[in-house]
Amino acid sequence: MASHDDDEKALGSRKMPRTNRYAKCLVLVCINLSNLVCHSVYSVLASFFPQEARAKGLSDEPIGLVFAVFAAVIFISAPFVSTALNSHGKRAVYVSGQAIVAVGTMFFACADNITNLPAYFSWCFVLRCVQGFGSALEETAAYALIAEIDPEAVSFNLGVTEISTGLGYMIGPTVGGFLFSVGGFALPFVAIGVALLPAILLILWIVPDDRLTGRQQAAAREELAASTPMRHLLARPQIFAIALTAILGNSDYAFLEPTLAGHVESIATSSTAVGMLFSVTSLTYTLAAPLMGWLSHKDKMGPRNVIILGIALQAAGFLLIGPSPLLPLAHRAEEAMSLSVLCGALFLFGLGEAMSMTPLMEDMMLSCVDRKDDAINALSALMTSCFSLGQMIGPLIGSFMAARLGFRWASTLLALGLMLHACVLVYLQRLSKPHQAGSMLAALTGQLPHSPVGADELSALNAHGDDIRVAHGDIDHDDDGGSSDAARLQRKWQS
């Protein structure tokens with residue numbers, strides 16, 4: 001028994017200390033720095049690579065594949081990253097992801113020296129796959145680190161992180177174009193790769209080494225076997241619905257990328273004007289995300305309520321962007337589609353995007369309140385996969401629907417789909433009927449996993465100020481496992 005307790009203590013020591021505010025802030029700064037750079041990797045090609053690739057002789061289809069494979073690799077890789085997080089630790093996975101992105105990005109600079117067309121395409125395609133795999137490691141580990149360092153401020157910290165995400169997407173093309181004009185094809189890739197090095201060094205310095213040695217290997221295998229697989233998480237209606245929210249939210253924004261420019265060509269006649277329209281949504285999302293993270297705390301509105309309101313605002317924005325043929329002003333579409341109406345619609349859409357995306361992780365963690373720590377890695381991988389899937393299918397669905405139905409009907413159907421999804425979330429919210437422990441507007445949980453959860457555990461959690469919400473009749477009392485599990489939870493949640 002003593003040996004087992006020692007192993008548990010050793011594993012517990014791998015977790016980041018939650019009381020060191022200075023360490024928390026430094027980790028968040030490092031995560032945001034690398035997040036900014038990694039997301040600029042996704043968009044840096046936009047300003048110069050298509051023209052350079054066409055000059056080499058590539059057509060639009062293979063160029064599109066080079067762009068699309070980045071998100072595809074993240075979607076495929078992320079579910080497997082949770083296993084690596086459990087077996088190798090968050091720090092090792094995070095640093096490995098950053099290093100892979102840095103190396104893959106710097107090697108991309110060599111593409112300009114390749115004259116053979118098939119070799120040029122293969123080199124670019126493979127290196128985008130490498131970048132995508134590194135980003136899958138980095139993003140999944142980042143979610144897990146953020147969720148672990150301060151479980152009571154997950155939404156706010158994720159909201160702050162979304163600032164760097166939005167800025168990365170926004171500045172990538174601008175910085176890439178500037179560096180390309182200054183130093184040619186290679187400079188943007190070398191500069192971005194080098195920019196990741198400070199974040200790697202700081203993470204190695206701040207985050208405790210959580211690699212396993214000796215007896216910890218056996219204890220880690222037990223912990224891995226007891227952890228919550230992603231398929232079990234998706235079997236819960238609450239988590240499945242929130243995962244679908246993540247897919248819809250990212251695909252809705254990606255829907256606009258290939259379709260909005262053609263729709264607004266009568267009032268936005270230059271690429272600069274179209275870029276300004278996109279920046280309305282991006283800036284609104286970036287600035288609103290931290291506020292939405294604070295607002296969605298379980299002691300305020302709660303994550304589920306913020307998500308539902310955000311989906312409603314997204315739907316309203318889509319109805320106005322067209323404008324929808326279902327609205328009274330549809331017969332005067334040309335007159336109704338003014339620049340001010342478009343900016344207002346895109347503002348609503350960006351605000352709704354921030355409200356529906358920022359609280360997702362906290363909502364899913366509340367659905368796993370009894371085994372929150374064990375589920376963090378799987379939830380992080382699930383979030384990364386859903387975001388990437390949305391980025392993949394959004395442009396495909398947008399182009400297909402807009403070509404066959406027109407932008408106005410395509411955006412209307414997406415708005416109706418969002419409304420339907422909001423209704424499903426409201427139904428699940430009413431169905432779960434959670435206990436409310438001092439919070440007037442509580443986020444709702446799904447079914448608890450089939451594991452022993454005794455009254456001692458609930459007392460241990462409540463003693464540390466946690467707002468516990470459980471569904472009626474879902475607690476399985478186990479006298480044999482209750483006390484040891486309670487002690488384990490006390491150690492995990494101790495501050």
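Using the three backbone atoms N, Cα and C, a Cβ is placed for every residue, glycine included.
According to TrEMBL, the protein carries these features:
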TRANSMEM  21-42  transmembrane segment
DOMAIN    27-433  domain 'Major facilitator superfamily (MFS) profile'
TRANSMEM  62-81  transmembrane segment
TRANSMEM  93-114  transmembrane segment
TRANSMEM  178-207  transmembrane segment
TRANSMEM  276-295  transmembrane segment
TRANSMEM  307-330  transmembrane segment
TRANSMEM  336-355  transmembrane segment
TRANSMEM  376-397  transmembrane segment
TRANSMEM  409-428  transmembrane segment
REGION    472-495  region 'Disordered'
Ranked first among 21-42, 93-114, 178-207, 276-295, 376-397 for CB pairs under 8 angstroms with the transmembrane segment (336-355): 276-295
Which of 62-81, 178-207, 276-295 contacts the transmembrane segment (21-42) most, counting Cβ pairs under 8 Å: 178-207
Mean of pLDDT values spanning the domain 'Major facilitator superfamily (MFS) profile' (27-433): 81
When counting Cβ pairs under 8 Å to the transmembrane segment (93-114), the leader among 62-81, 178-207, 276-295, 376-397: 178-207
Spatial neighbours of the transmembrane segment (376-397) far in sequence, C-beta under 8 Å, 6+ residues away: 68, 71-72, 74-75, 78-82, 85-86, 90, 136, 139-144, 147-148, 227-230, 233-234, 239, 243-244, 246-255, 257-258, 360-361, 364-365, 368
